[in-house]
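> Sharing the feature lines straight out of TrEMBL:
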| type | residues | note |
| --- | --- | --- |
| BINDING | His7, His9, Glu93, Asp206 | divalent metal cation 1 binding site |
| BINDING | His131, His156 | divalent metal cation 2 binding site |
| COMPBIAS | 233-246 | compositional bias 'Low complexity' |
| REGION | 227-253 | region 'Disordered' |
Amino acid sequence: MKLFDAHCHLQDPRILSNVPQIIATAQSVGVAAFAVNGVSEKDWLQVKHMSQSYPSVIPSFGLHPWFVAERSPNWFNTLKQFFDSTPSAAVGEIGLDKGSHGRNVDFSDQVEVLKNQLQLAKTLNKPASVHCVRAFGELLEMMKSMGPFPAGVILHSYLGSAEMVPEFSKLGAYFSFSGFLMSLKANKAKKMLQMVPSDRILLETDAPDALPKSNIDSLFFVDGDPSLPEEPQGQSSTSSSASGTSLNDGSQVLTDASTLPKETLNHPANIHLVLDYVASMLEITKEELAELSYQNAVRVFSYEGSKVLHA
Ligand SMILES: [Zn+2]
């Protein structure tokens, strides 16, 4: 089974030193490609270097809404230069955020920065990976005014409404699902997933964030993650299981990831758990969903200059 992690952040300082091991582990469980998204001027070079070192890394450059306030006066030129020198790159992560993180960033600045980058994606004919928190109405209006986007817009970790899916689809959107989907009520997630056209579904991890709320025994952890107890699997330990509860006292014990500290790092190999969850919601086999989502990812990442075209 081949899988394509359509959105992650392997350049993140929290996991950067583990990247060789992380990529090897994820590849050993079938993850063939990683769309690695830069988030600010500070990490674009790291993303570029990573894509030069690893054939499986698809680089993406973008200014994420959380980092809009700290952009330099020259940020947009710098961004354009990265695309000039890296034809294999896609656009991302970009977006709008009115949630707990984003509401401190001037929203009209976020709008302007997103507009510039979406326009750039359109001009360059590249897909753009878009983050959207509590601003789906504004995003849809902007995309309507600028669209359509034939190269694709990837709505990453999509948690928008079922009703908006057809409108975004019409404009060229893909819907990418991560462990965050497990925070929605199951019936709501199901209703929304069923609206997504089968040729627009993608899977991602958003690693090192978005740890799936799955059984601890089924999760992959990042070696040396400081938030983990000594034996995160909790399989043999009676005193220090991840839930802090004895596992052999005969009672029902919570062993899903919600018992872990919320800063626990996610590993791209956990895309399997996202696959299992989305497949179960859609009532299709995981083999079918793996194939479908892989083909969709290959299609959207097959722009001119992309590594996927030559893989
Ligand atoms: Zn992200």
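Glycine is no exception: its Cβ is also placed from the backbone N, Cα and C atoms.
Unlike curated records, TrEMBL annotations are generated automatically.
Are these features on the surface or tucked inside, and what touches them?
Taking the Cβ of His9 (divalent metal cation 1 binding site) as centre and 10 Å as the limit, one finds 27 other Cβ atoms among all the protein chains shown.
According to DSSP, His131 (divalent metal cation 2 binding site) sits within a strand segment. Packing around His131 (divalent metal cation 2 binding site) is summarised by its Cβ count: 27 other Cβ atoms lie within 10 angstroms of its Cβ, all protein chains included.
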> Cβ within 8 Å of the divalent metal cation 1 site centroid (His7, His9, Glu93, Asp206 excluded): which residues?
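Neighbours found: Cys8, Ala35, Asn37, Val39, Gly92, Ser129, His131, His156, Ser157, Glu204, Ala207, Asp209.
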> For His9 (divalent metal cation 1 binding site), which DSSP three-state class applies?
coil
> Under a criterion of Cβ-Cβ distance under 8 Å and sequence separation of at least 6, what residues of the same chain contact Glu93 (divalent metal cation 1 binding site)?
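Spatial neighbours, sequence-distant, of Glu93 (divalent metal cation 1 binding site): His7, His9, Asn37, Gly38, Val39, Ser60, Gly62, His64, Ser129, Val130, His131, His156.
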